[in-house]
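A.B. asks: The substrate binding site annotation in TrEMBL covers Asn11, Asn62, Gly72, Asn73, Asn160, Asn193, Glu211, Arg212, Gly221, Thr222. Here TrEMBL flags Cys71 as active site. Sequence annotations record features per position, and here TrEMBL assigns active site, proton donor to Cys71. The active site, proton acceptor annotation in TrEMBL covers Cys220.
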Amino acid sequence: MNFTKMQGTGNDYIYVNCFEETVEDPAALAVKLSDRHFGIGGDGLILICPSDVADFKMRMFNADGSEGRMCGNGTRCIGKYVYDRRLTGKTELTLETLSGIKTLCLSVEDGTVKTVRVDMGAPVLRAADIPVICDTPEFVDQSVTAGDKTYRMTCVSMGNPHAVTFVEDVASLELPRIGPPLENHPMFPQRANIEFVQPVDNQTLKMRVWERGSGETLACGTGACASLVAAVFNGKCRRRARVILLGGELDIEWNEQSGRVYLTGPAEFVFDGEI
Ligand SMILES: N[C@H](CCC[C@H](N)C(=O)O)C(=O)O
């Protein structure tokens, strides 16, 4: 089977073109191939599939084999893949995901995609829809105790669940220790992606992420969107900001008129291979 390794701000996935390949058990394949010692190595597996309702369809699997409902960095890489590999000549695409149809706008230079702007849709804050188990309609700036610590968290869904907490210094955090108790907290019946955000100024956020099913990744597109929304809700930044991640930078805008979040960033090929 042919595969392509790609990365968006360091969030690296193994991509399989399911117009040409058939993947019988994607969950098991994601676990096997994501292993950075015994497999190809990646944050998970992404299938590029035909769609009856959009130009293409994405299925995304975390490194633990769980299927995610949306992947911002992954959508940008799919945009680059399908344009550069001539599966389409369009620079405005629709992509079917488990969290609805997303629109991608490809910026092309010298015949290849450099950056992609993704309409990520409107954020969801209703607790029951994230989902978060709590006794309030939304979960904004409320306490969560996990392990030996209590955090002030704001929960947002971008089609997948996120819990955002604001910190003084992201660099000092030990995510492998503090991430799992939050990811698996009983208040998150479907687990959650956990973002640690250090506001730099009202247009710049630093962020690290402990991802549901993949652990710490160098970037998380949906997490950057959730972080921006949470920062606006908590009065920590304007509706458009640069999010600085370990793997690079993303431009996130929560548009006031439309209420929709836009994610803009790079996408890169790493290598092609066959297994
Ligand atoms: N890295 C992805 C998010 C993966 C989310 C996944 N960990 C889950 O929701 O289970 C992104 O760029 O949006």
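A Cβ is built for glycine as well, from the same backbone N, Cα and C atoms used for every other residue.
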A.B. asks: List the residues in the vicinity of the substrate site, defined as same-chain residues other than Asn11, Asn62, Gly72, Asn73, Asn160, Asn193, Glu211, Arg212, Gly221, Thr222 with C-beta within 8 angstroms of the site's C-beta centre.
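C.D. replies: Going along the sequence, the neighbours come out as Gly68, Met70, Cys71, Gly74, Val209, Ser214, Thr217, Cys220, Gly223.
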A.B. asks: Substrate site residues Asn11, Asn62, Gly72, Asn73, Asn160, Asn193, Glu211, Arg212, Gly221, Thr222: biggest Cα-Cα distance, Å?
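C.D. replies: So the maximum pairwise Cα distance among the substrate binders is 16 Å.
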A.B. asks: Within 10 Å of the Cβ of Asn11 (substrate binding site), how many other Cβ atoms are there?
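C.D. replies: Result for Asn11 (substrate binding site): 30 other Cβ atoms within 10 Å.
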A.B. asks: What is the interatomic distance between the Cα atoms of Cys220 (active site, proton acceptor) and Glu211 (substrate binding site), given in whole Å?
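C.D. replies: One finds 8 Å between the Cα atoms of these residues.
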A.B. asks: Quick one: of the binding-site residues Asn11, Glu211, Gly221, which has its CA closest to the CA of Cys71 (active site)?
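C.D. replies: Nearest listed residue in space: Gly221.
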